[in-house]
Amino acid sequence: MSQQSRKSITAELIAEHAHFFSCPICTRSMLFENNTTLVCTEGHSYDLAKKGYIHLLSQSVDTKYDKALFQSRQRIAESGFFTPLIEAIADLVESARLSENIAIFDAGCGEGSHLAQIQKYVTGNTIGFGADISKEGIQLAASNPSKTIWLVADLAKTPLANQKFPFILNVLSPSNYSEFDRLLTDDGQLIKVIPNSAYLQELRKIFYGDKENFDNEKTMSRFQEKFDLIKTQEVKYQVRLEQPLLNDLVKMTPLSWSANEAKRKQVSDTSAMDITVDMTILVGKRRKR
Ligand SMILES: [Zn+2]
């Protein structure tokens, strides 16, 4: 798909969904002018980028995640590594949706692979919004043809209007519960994915040995402090990964790993490995307003 056509597709999607936006500076509503610019009633304005995403940060933020990391993650996702997880999330959305028309917001979407793949499974008229603070991630996401508006945005000041989203996804990414609460519809669901102790255990054993203490209790209890937990679902499976995907998996995972050259070499000298994926999907409803 050419950049031009992605830009015009995004322009059409924003024109149709301009009421979903709110200004990240003053929180006022926005209009989409000249098919290129979101403008709030105070005059703060945000241009649609040539590559077909919209940048709603007042200044660029340097993140620790570079383009190479997102490209690795995209190749891993395209290989089908996350497919059982994607299907499980899509099933949860399908079974809970109350209408033909729904909006899904992926908070911290990175290069957008999860949201784009979930949209292949869900039915009806579904519009996606994917936001990440990393411009590198969103630029890559925008090359994807899914029916999604991709935003570079600060998730602590999400440039989206109150109570528009029946579904928020938050996959292996930090949460901002007060923003999720603000954005969800009354019946809306927060679908958060967290890693379990066996997640990538084969790699973790190489990089950390037996020293590592894995604990997701804090994440669980924080979730339950903020939201009513209505369902948990464990997703556990193994994937045989061959090179060069095995190296991509190392590149897309925590930074402390990348520092350890000797252990990276140990992995890159391995031609194939069985890798465990072990996660829990937490489904929450917002407390009564
Ligand atoms: Zn404004």
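Heads up, the Cβ atoms here are built off N, Cα and C, so glycines get one too.
Automatic, uncurated: that is what TrEMBL annotation is.
Annotated domain '23S rRNA (guanine(745)-N(1))-methyltransferase N-terminal' per TrEMBL: 21-57, in sequence order. Per-residue pLDDT, averaged along the domain '23S rRNA (guanine(745)-N(1))-methyltransferase N-terminal' (21-57), amounts to 95 for this model.
A coil conformation is recorded for His44 (Zn(2+) binding site) in the three-state DSSP classification, outside any helix or strand. A sphere of 10 angstroms centred on the C-beta of His44 (Zn(2+) binding site) encloses 17 other C-beta atoms. Residues or ranges marked as Zn(2+) binding site by TrEMBL: Cys23, Cys26, Cys40, His44.
The S-adenosyl-L-methionine binding site annotation in TrEMBL covers Phe82, Glu111, Gly112, Tyr199. A simple way to gauge crowding: the CB of Phe82 (S-adenosyl-L-methionine binding site) has 25 other CB atoms within 10 angstroms, across all the protein chains here.
Sequence annotations record features per position, and here TrEMBL assigns domain 'Methyltransferase' to 104-172. Across the range of the domain 'Methyltransferase' (104-172), the DSSP-based residue counts are 19 helix, 25 strand, 25 coil.
Residues of the same chain lying 6 or more positions beyond the ends of the domain '23S rRNA (guanine(745)-N(1))-methyltransferase N-terminal' (21-57) and with a Cβ under 8 Å from any Cβ of it are 3, 6-7, 9-11, 14-15, 133, 135, 138-139, 141-143, 149-154, 157-162. Largest Cα-Cα distance over the residues recorded as binding S-adenosyl-L-methionine, namely Phe82, Glu111, Gly112, Tyr199, equals 21 Å. Of all the binding-site residues listed (Cys26, Cys40, Gly112, Tyr199), Gly112 sits in the most crowded Cβ setting, with the most other Cβ atoms within 10 Å.
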